[in-house]
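K.L.:
Before I ask anything, let me first share the structure, which is written out below as structure tokens.
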Amino acid sequence: MGLLVRLRKEWFIIGIVLVILSAKLQPDVGVKGGPLKPEVTVSYIAVSLIFFNSGLSLKTEELTSALLHVRLHLFVQSFTLLFFPVAVWLLLRVLEFTPIDQWLLRGCVLQTVSCMPPPVSSAVILTKAVGGNELGSSSSVPFSSIFSQLFMTVVVPLILGQVCRRFLRDFLERKKPPFSTVSSCVLLMIIYTTFCDTFSNPNIELDPTSLLLVVLIIFCLQISFMLLTFILSTRSNSGFSPADTVAIIFCSTHKSLTLGIPMLKIVFAGYEHLSLISVPLLIYHPSQILLGSVLVPSIRSWMSNRQKVGLVLSFHRSLRFWL
């Protein structure tokens, strides 16, 4: 019984493995021009559906309230979108002298990990589990077409989702549709078609040694950055509460698979190495959940102890004031 519960809980990660295996067995189904017609169904419909679903599920009032945590947001966004990319870019300069597959490195350090935004789901779920503060390669790139497609398939569906939510809010809160499940199923389709392109191309091979090294690099990055955010947010003059620190640890170091894969599909459309660029993000997603889940009890215990110490110090200050 415990195994079945565990399998249901980790169905998405299992699904990723299954769709990659399916793509290996039947790559012709999901290639460009194949029965699934991914150049239309994935590039436009599937990606738009994910972001429309996100806009429909995000509570506008919670987003507005979260904006008031200015210092916390500045720390998280600065770390994940500025410090993270710069730090791993420097690491890439060193790793270029190693035999690791260069396309895996580009995916690991530049595109699919360091430049991705933090996820709404896993970071918030882990933060909530602890009891923390829930923040509610050179090539010619056609920037104009990329930005126009990003606008039409990301920004517009997201705005439409928020507009529709205003009219359907009562219904959505009453029925609680499975937004996350819908997006995950669509994402599995995107991952499937991405790897169909790879396995249908005989010139692309995935080096097992490079893959293992990338897995090791990703785990080291996550542990190092979680430790760094913990140290920075717990300094005496940081001004962050223990609950804020928990949010910072998870939100600053996690990267979004749901947003990342569709964006890569747009930005690197037509690249024969797209799947290799995507692999590190596919590794990063389960590893951040696994590592976060393992650390939840320890972080929860630390936060509880810090809050108790804070209450005692506050009581002593009040007592000295009145005496």
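Each residue, glycine too, has its Cβ placed from N, Cα and C.
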K.L.:
Out of 41-58, 257-274, which range is noted as transmembrane segment by TrEMBL?
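P.N.:
In TrEMBL, residues 41-58 carry the label transmembrane segment.
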K.L.:
Please work out which recorded stretch in 41-58, 70-92, 212-233 has the most C-beta pairs separated by under 8 angstroms from the transmembrane segment (181-200)?
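P.N.:
It is 41-58 that shares the most Cβ pairs under 8 Å with the transmembrane segment (181-200).
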K.L.:
By a Cβ-Cβ criterion of under 8 Å, what residues six or more beyond either terminus of the transmembrane segment (212-233) are in contact with it?
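P.N.:
For the transmembrane segment (212-233), the list is 75, 79, 84, 87-88, 91, 95, 98, 100, 104-105, 108, 113, 240, 244-245, 248-249, 252-253, 279-280, 283-284, 287-288, 291, 295.
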